[in-house]
Amino acid sequence: IYTGPCKVLHLSSGLLPNSGRFGIVLSDEYQVVTSLWCQLYKTHARQASGRLLLNYLVIPSKAQVKKPGYIPNLGECSHYRSKIHLKAGDKLQSPEGKPKTGRIQEKCHGPCISSSNCSRPCAKDFRGEIGFTCNQKKWQKSTETCTSLSVEKLFKDSTGASRLSVAAASIPLHILDFRAPETIENVAQGIRKNCPLDYACIIDVVKSSETTSGNIAFIVELLKNISTDLSDDVTREKMKSYSEVANHILDTAAISNWAFIPNKNASSDLLQSVNLFARHLHIHNKSENIVNELFIQTKGFHINHNTSEKSLNFSMSTNNTTEDILGMVQIPRQELRKLWPNASRAISIAFPTLGAILREAHLQNVSLPRPVNGLVLSVVLPEKLQEIVLTFEKINKSRNARAQCVGWHSKKRRWDEKACQMISDIKNEVKCRCNYTSTVMSFSILMSPKSMTDKVLDYITCIGLSVSILSLVLCLIIEATVWSRVVVTEISYMRHVCIVNIAVSLLTANVWFIIGSNFNPKAQDSNVCVAVTFFSHFFYLSLFFWMLFKALLIIYGILVIFRRMMKSRMMVIGFAIGYGCPLIIAVTTVAITEPKKGYMRLEACWLNWDNTKALLAFAIPALVIVAVNLIVVLVVAINTQRPSIGSSKSQDVAIIMRISKNVAILTPLLGLTWGFGIATLIEGTSLTFHIIFALLNAFQGFFILLFGTIMDHKIRDALRMRMSSLKGKSRAAENASLSPTNGSELMNRQG
């Protein structure tokens, strides 16, 4: 018996490439030279129990091919039908199973050389191998072809040991076993023979298999072959069996293994195969729920020229724990009018997990991958219908998750933005108008990349914060310079205490905001992100409560004239309101929400909204304070307008100017600009409101410097006096240094 090197090649109905550990092929070009009976041997003794008669195309070395009557000794077998050429440099293995060609290392653990490759055999009962690539001196899994499935195994219970009917003349007759039943050449033949009515004979074998990358690739090819060869008359029962097989590899537990399939088009092949098979589905009732699996649902109904607007509703979960995600397909009435009076059918298929699996072909100027944020909805419609309306519920309901309506182009193997147009994006529900064609049958929504609108707002925020921080630092320097000259009375003292604490709070909050915006909570320590969120929350609340205290001081100055409060008591009240209240709110919020992991957002270091509504602990106090401060501004405006009897027009104009000035000064100091935030919370708000809100609040520090410090005539006077004093001192020092007395003293010291 010949035990030298050989190579078995896999083709056609075998479904999978290279299925096991074989001998090496030398580095010359080889061609399939003969068709042989292959039998398993151990050493040189035939084992009758291990006999597996299959038709093989074997490529031996040139030297051994010339030996008459040899039988190749193979570790494993699969069957093939066509001639193949194998060229030098192909990845092959030695009889011991060690990789030899390319930059291959024997071991797949420990340090490695960059860009080198390594492979390991699969676990017991699996054929194929696991490939590793060296990345940053560490082995990382790159491919996997481990499979336990085969065409023979699918129909093993039905057919027993299978074989082909062609034998090579070089095999001795006593080896052949003519009692074996007829061999299954391919999947279509096996299904036609064993379960032609419902395809149920393959379900148990598939569902009992592990969802390894190799098995997933096998099942994709299995479904592809069924769609190609057995889709002439698709019944409800066939569609249910077909979907059960597809559901097995669409399970959330299988998603991670899709990444290691060598064929990167496997996911798009699956989608195309399901759509092709559904095209031939027959619907008998007016409306049917055909398939109701966890990860694939199919519904259909009859339509004609007189049908009113129709819709198909889906509710599916992306995994076994989350709430269901909704999707809906609508056919507008104006489209239905295009149909003939006789009945047609409309079919829709929903996939909750396919979006995470679909891999796009690379395209210039498009960043991949683009995450899918809803169900993938496929439709099968009559050719006359071209426009449909689809509604998607967002999986990621974050406010930053902007949607983009798309259709899957089956030939280009990527999402096509031109196939759909967004109608609305309101309350986590996106409505799209899409064009249905033979190449674009599946639709979904993507998490849209940052638009030009986002970039404009980002630029405003960055520039505004920079100017604001510099302005606040300058404001504090000016206050420190003129402090002793401007804090004469209790009211003026507390007024400047408020301005200083407002500036400190806003400055500190802006710094924490910048730290949080450059922090990635997914890649870095989440406890640090919790701390950043806490301090941002605390100091922004402090800003608002100090603005509230300033408003109360203004009311106190207007209403209380004769009785004044002691400075120490006012300081205690001010710090209790300015820092005590924010501390209580911030600590309570983190204590309640953090144990449930609902304090901060997943994508940013800021208060959570989607799960626990922790953001309300900032929004409610801020908006209440803005409302109170607005009332104070109105009281000041009314108090400023004191019309006298017989006042002239010029006096009226002066009053209006004085009111306008007071409002302009108080608006940034009392935080009224934050009132524009209410408009930005409403869905579909105009971009204008977002830009106004960003401008007013990003530059709030500059406005505090301008209206709270520079426009205060007392501070300007104090600055002039301070500058005059400094100039006077410098001149006096100069004169003193040049005086004769100082000169003689200097000469005496030198002497």
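Backbone N, Cα and C atoms are what each Cβ position is placed from, and that goes for glycine too.
As annotated by TrEMBL, compositional bias 'Polar residues' applies to 736-751.
The domain 'GAIN-B' annotation in TrEMBL covers 302-453.
If you look up TrEMBL, you'll see 457-712 marked as domain 'G-protein coupled receptors family 2 profile 2'.
As annotated by TrEMBL, region 'Disordered' applies to 730-751.
Remote same-chain residues near the transmembrane segment (456-478) are listed as 450, 499-500, 503-504, 506-507, 510-511, 513-514, 690-691, 694-695, 697-702, 704-706, 708-709, 715, 719 (criterion: CB distance under 8 Å, separation of at least six residues from the stretch ends). According to TrEMBL, the feature transmembrane segment maps to 456-478 (among others).
According to TrEMBL, the feature transmembrane segment maps to 499-519 (among others).
Taken from TrEMBL, the feature transmembrane segment applies to 539-559 (among others).
Annotation source TrEMBL lists transmembrane segment at 571-593 (among others).
Per TrEMBL, the feature transmembrane segment maps to 613-638 (among others). Counting residues 6+ beyond its ends, the transmembrane segment (613-638) has Cβ neighbours under 8 Å at 537, 540-541, 544-545, 547-548, 551-552, 554-555, 558, 581, 585-586, 588-589, 593, 598-600, 606-607, 659, 662-663, 666-667, 670-672, 674-675, 677-678 in the same chain.
Look at TrEMBL and you will find 659-682 (among others) tagged as transmembrane segment.
Tertiary proximity for the transmembrane segment (688-711) is limited to same-chain residues at least six positions away from its ends with a CB under 8 Å from its CB atoms, namely 453, 456-457, 460-461, 463-465, 467-472, 474-475, 478-479, 499, 502-503, 506-507, 510, 664-665, 667-669, 671, 673-674, 676-677, 679-680. Taken from TrEMBL, the feature transmembrane segment applies to 688-711 (among others).
Non-local neighbours of the transmembrane segment (499-519) in the same chain are 465, 468-469, 472-473, 475-476, 479, 528-529, 532-533, 535-536, 539-540, 542-543, 546-547, 550, 574, 578, 604-606, 669, 700-701, 704, 708-709; each lies 6+ residues outside the stretch with a CB under 8 Å from one of its CB atoms.
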